[in-house]
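Note sheet for the following structure.
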Amino acid sequence: MRDYCFAFNFSSVKFLKSCFLFFFCTLFSVFHSIHLCSSLNPALVLPLKTQVIPPESVRRSPDKLPFRHNISLTVSLTVGTPPQNVTMVIDTGSELSWLHCNTSQNSSSSSSTFNPVWSSSYSPIPCSSSTCTDQTRDFPIRPSCDSNQFCHATLSYADASSSEGNLATDTFYIGSSGIPNVVFGCMDSIFSSNSEEDSKNTGLMGMNRGSLSFVSQMGFPKFSYCISEYDFSGLLLLGDANFSWLAPLNYTPLIEMSTPLPYFDRVAYTVQLEGIKVAHKLLPIPESVFEPDHTGAGQTMVDSGTQFTFLLGPAYTALRDHFLNKTAGSLRVYEDSNFVFQGAMDLCYRVPTNQTRLPPLPSVTLVFRGAEMTVTGDRILYRVPGERRGNDSIHCFTFGNSDLLGVEAFVIGHLHQQNVWMEFDLKKSRIGLAEIRCDLAGQKLGMGL
């Protein structure tokens with residue numbers, strides 16, 4: 001088993017920037033008996049450098065990974081023989097990794113598509129194979145056979161985007177290390193709610209607990225990530241994290257569900273939310289609100305592919321009302337019933353554009369079984385890009401109402417995971433949390449910003 005340690009940045013599939021912030025770090029890999037990320041030799045670590053440069057001027061170095069700054073987590077790597085450059089959104093809420101495929105013989109090389117025709121190691125999966133019939137049991141839509149008897153998959157997402165194509169295998173390269181026979185979806189039909197931004201990525205890297213997720217196929221017993229609040233940089237570690245400077249983690253168990261239920265995602269990272277605090281005071285929300293019902297609706301999922309946090313109606317209303325009361329004297333509510341940010345965030349404020357700092361805001365703490373996650377400061381309110389009313393900018397509460405999205409679940413997004421070491425322990429079925437300055441964690445690993 002190899003362990004890998006590398007850095008990442010968040011990049012958005014929602015908002016276009018005039019330039020992109022690229023971060024580079026060396027990817028380390030060693031063989032079975034050596035755990036690189038737990039016994040890291042400082043002499044092997046190269047500094048992480050930040051450069052503001054046009055994306056078209058970037059050329060991939062064989063031992064470094066570029067990342068793009070925005071809102072969703074993306075990673076660049078190569079796939080196929082010979083290798084083709086691809087950019088993938090890393091998503092702990094999805095199982096199947098997929099690439100946008102272009103099968104044209106004459107198509108020009110592009111990081112936004114993968115051409116299987118050019119790869120000698122590419123192999124489509126027959127629909128009669130056990131991979132297609134058995135390992136896809138947790139897909140929301142079971143695969144079918146296409147006209148060539150290949151395994152055909154259809155994926156759909158909460159934002160109304162979807163992708164469709166064949167399951168296949170090919171070699172994925174992380175740095176210079178090639179990993180053969182990785183199962184992924186070669187999607188030739190893509191529908192996106194934001195096609196302009198999503199066209200900048202080649203696909204998605206599924207990281208949930210399903211048998212076909214990238215982390216499951218690699219056989220890693222655990223992985224961690226740490227996202228800086230200050231500059232959207234961070235690090236992703238595949239393998240064990242035995243660092244003396246890392247505070248002891250508080251663990252919350254993953255919820256197991258052996259029986260399939262219509263609204264319960266069995267391969268998601270599901271934890272038990274037990275309460276919500278505002279300014280360290282527990283809100284009077286009945287425990288039953290946080291318990292999944294007999295259909296599986298109401299689970300709490302930790303999701304790197306979602307930016308904000310969404311709560312089911314009763315919990316959201318209690319939090320919204322209490323936060324509104326706490327900020328009544330310090331913030332001016334934006335009174336427009338027709339403005340609901342991202343379709344689920346209906347508590348917004350008007351803040352003068354010449355006001356450089358927000359007033360002190362009450363903290364919000366998510367109380368899990370055995371662990372807590374506290375959200376403070378700028379992570380409480382989000383300035384909506386491009387929205388101005390007179391001389392005021394619009395800032396919205398970063399907790400939304402799942403009911404307005406038609407999602408029967410609590411979803412913990414990556415904004416509220418900033419400056420928290422997040423460890424996903426697949427072997428022991430638990431998630432570990434510890435507050436930490438993630439920018440300093442990167443520096444301790446020799447990835448100085």
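Any Cβ shown, glycine's included, is placed from N, Cα and C.
Automatic prediction, not curation, is the source of TrEMBL annotations.
A quick note: this is a predicted structure, and the numbers were derived from the prediction, not measured.
Residues or ranges marked as domain 'Peptidase A1' in TrEMBL: 73-434.
Summarising the annotation, TrEMBL assigns active site to Asp91 (among others). In sequence order, Leu73, Leu204, Met205, Gly206, Met207, Asn208, Asp303, Ser304, Gly305 make up the list of same-chain residues 6 or more apart from Asp91 (active site) whose Cβ falls under 8 Å from its Cβ.
Its Cβ taken as reference, Asp303 (active site) is surrounded by 23 other Cβ atoms within 10 Å in the chains shown. Residues or ranges marked as active site in TrEMBL: Asp303 (among others).
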Kindly state the mean pLDDT of the domain 'Peptidase A1' (73-434) in the predicted structure. 90
